[in-house]
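Novice: Would you mind keeping the following structure in view while I ask a few things?
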C-alpha cells in the first residue's frame, strides 16, 4: 500500500510540476516581450516541443524494450500524416489565438473541447447527444463568454488586456483540429495494436518535419533565428518549455498505465484549475468578481464532465465483471 501511494504521489507531483512549469514558460514566451520585442514564431516553438517529445518517447520505448520500427510501415503512414497535419494546424491556431486573447481566456477556452465536436455532429451529421452534454457545453461556453466579455469591459490603462472575436474564432478552430486529431487517433487505436507512446512519437515526428519544412521555406518571413540572436535568453525558456511538456506527457502515460483513466481524469481536472490560478497570480492578470463567476462556471462544467466520465467508467467495469 505504501508503495502504491508513493507511486501515485510521484505521478501527481510529476504532472503538476511539469505542466504548471510548461504553462508558465508558454505564457512567458508568447505573451511577454524580450527587451521590448515579442516572439512571433510559434512554428519554432512547436518544432522544439515536438522534437523533445520524440526524443523522450524513444527513450521511454527503449527503457521498456519496445521497438519503433513499425512506425514506417505503409499502413500507418497515411494515418500518421493526417494526424500530424491536423495536430500542426491545431497548434498553429492555438498559438495564433494567444496573440488576440489573454492567457487565462485561452486556458478556459481549451476546457470546452466538446463544443466543436458537438457543433460538427449536430449541424453537419444531424446527430443528437444526451442532455447532459448540452448542459456541460452551455456551462463552459457561458463561463468563457462571461470571462472574455468582462475582460474587455474591465481592462483599462496602457497594459490592459483585451479579448477579440478573432481570437475566440482561432481558439474554436484549435479545438476543432484537436477533435479531428483525437478522432483519427481513436480510429488507429481501434484498428491496430499500437501503444500510446509509439503514437506520440510518430505524430510528433510528423509535426517536427512539417514545422521544420515551413521554417526553411520562403513562406516563413518571421526570422526566428534573428530573434534568438538578438535575445539569446529565450533559448533557456524554450528548452524548459520543451522539456517540461515532454516529461509531463510521459508522466501522463505512466499514470494511465499504473492507475487507470479515472485517476488521470481527476489529476488532469485539478491541474487545469491550478494552471488557471497560477497564470492569474504569477503574471498579475486583473480578474473582476464577475469574471470569477465565469471561471467557476467553466470548472463546474468540466467537473461535471469528469464526474460523469468516472461514473460511466465504473458502470462499464461492473458490467464487464458481471
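Keep in mind that glycine also has a Cβ here, set from the backbone N, Cα and C atoms.
Take a look at what Swiss-Prot says about it:
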- 4-24: transmembrane segment (TRANSMEM)
- 43-63: transmembrane segment (TRANSMEM)
- 76-96: transmembrane segment (TRANSMEM)
- 105-125: transmembrane segment (TRANSMEM)
- 129-149: transmembrane segment (TRANSMEM)
- 152: N-linked glycosylation site (CARBOHYD)
- 164-184: transmembrane segment (TRANSMEM)
- 199-219: transmembrane segment (TRANSMEM)
- 250-270: transmembrane segment (TRANSMEM)
- 290-310: transmembrane segment (TRANSMEM)
- 313: N-linked glycosylation site (CARBOHYD)
- 314: N-linked glycosylation site (CARBOHYD)
Novice: Between the stretches 4-24, 43-63, 129-149, 199-219, which wins on the count of C-beta pairs under 8 angstroms to the transmembrane segment (290-310)?
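Specialist: Result: 129-149.
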Novice: If we call contact 3 or more Cβ pairs under 8 Å (sequence gap 6 or more), are the transmembrane segment (250-270) and the transmembrane segment (164-184) touching?
Specialist: no
Novice: I'm a bit unsure how to read this: which one of 4-24, 43-63, 105-125, 129-149, 164-184 has the highest number of Cβ pairs shorter than 8 Å with the transmembrane segment (76-96)?
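Specialist: Highest pair count goes to 164-184.
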Novice: Of these glycosylation sites, 313, 314, which scores lowest on Cβ atoms within 10 Å?
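Specialist: So among 313, 314, the glycosylation sites given, the one with the fewest Cβ atoms within 10 Å is 314.
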Novice: Using a Cβ cut-off of under 8 Å, list the residues of the same chain at least 6 residues beyond the transmembrane segment (43-63) that approach it.
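Specialist: That would be 29-30, 88, 91-92, 95, 195, 197-198, 200-201, 204-205, 207-208, 211-212, 214-215, 220, 222, 224, 238-239, 241-243, 245-247, 249-250, 253.
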Novice: Excluding the flanking five residues on each side, which residues at least 6 beyond the ends of the transmembrane segment (105-125) place their CB within less than 8 Å of a CB in that stretch?
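Specialist: Counting only partners 6 or more residues beyond its ends, the transmembrane segment (105-125) has Cβ contacts under 8 Å with 23, 94, 97-98, 133-134, 136-137, 140-141, 143-144, 147-148, 151, 163, 167-168, 171-172, 174-176, 178-179, 272, 275-276, 279, 294-295, 298-299, 301-302, 305.
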